[in-house]
Amino acid sequence: MAQAAVERRVFRLSVDEETVVAAGVGALSEAPRAAGGTAYIVHEEALSAEAARLARILEARGVEVLGAVAGGGERVKSLDWVTRLWDLMLQAGVERSTTVYIIGGGALLDAAGFAASTLMRGLSTVNIPSTTLAAFDAAAGGKTGVNLRGKNMVGTFHNPRMVLVEPGIVAGQPDEGYRDGFAELVKHVALSGDREPAASLLPQALARRPAPLARLAFWSLGYKMQVVAGDPRERGLRRILNLGHTIGHALEAASSYTLSHGRSVSIGLAGELELSRRLAGLPRGEAEDVLDMLSTAGLPLEPPPGLAGEAAGLVGLDKKREGGSIVMPLLERLGRPRLSRVPVETVSRLMVELWGGG
């Protein structure tokens, strides 16, 4: 497949707020479009070369880069780290017009996005994902946050001005974790009912070919942003994006986060597809199509031995719980999700039935 040009789409979120999603080889060159005169760069520790490249692109267009700082991993999702970042940005001389460019995975996008959204009552951001999980999902949608007695308990909705998917940066992700993001891609396939992009491009994207990887990221982020544009603050429709996450989050927590988010969501999708078959009438063949995509991506469909029983006991702690039920998305058909109140006990029993009580 020939290298595709940079694809670009604008998503209007409100009268005065929009997010531009751009993906393709050369997407980084779009960065100056979002600059407000000065810039500050936050990047993963392993991406210093990419940060320097971004700085050269910005400076060549007359944008002053005030400074850069490295960080990454779940440790950045703390108020201590955010306080340090606030201090560094203030020392560098950021102003209300400064744009913060964030090159990294989901944890860094969350934490640095939160820092930018609160400093001076909100600085503009540009997200540049470095992982498949971020490129297919986390880089768009505007959720920021840090951990406090639980994951993402302190945060804001702060949509980036741009999301730039430079496939060479994403393709450089280490093998461990590269496949994880494909769980979120497959989730979007199930919710949208549009199987074509993944069916034709999945093997090439798994092989890290830049053009197919960028095309899938553009499609996946585009689907998510269509949903987000209709419900920016997650009061209704946007909650369909939690498909796979009720069971997935319980498994992640039960493993003390040794089971990655992407793998947890993959297993969660398998469980919630079965729940959709039983409670919403999802045809078996359509469920199997989704499971086949997860398997093609090399993702698990069941948890490690002994984990399901402990995870089943954690389902009731889900933030989506209302009384004795959880408001969660189920699929009537691929492309036809609905929000349903499912008793906590129903979800817990299903997990034990499918995977054992440990």
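Each Cβ is built from the backbone N, Cα and C atoms, and glycine gets one as well.
When Glu176, Glu184, Glu332 are compared with the Zn(2+) site residues His245, His261 in Swiss-Prot, the one appearing in that site is Glu184. Under the DSSP three-state reduction, Glu74 (NAD(+) binding site) is assigned to helix. Counting other Cβ atoms within 10 Å of each Cβ, the binding-site residues Lys151, His245, His261 show the lowest value at Lys151. Put plainly, the binding-site residues Gly72, Gly106 were compared by Cβ crowding within 10 Å, and the winner is Gly106. The candidate set comprises the binding-site residues Asp110, Glu184. Of these, Glu184 has the most other Cβ atoms within 10 Å.
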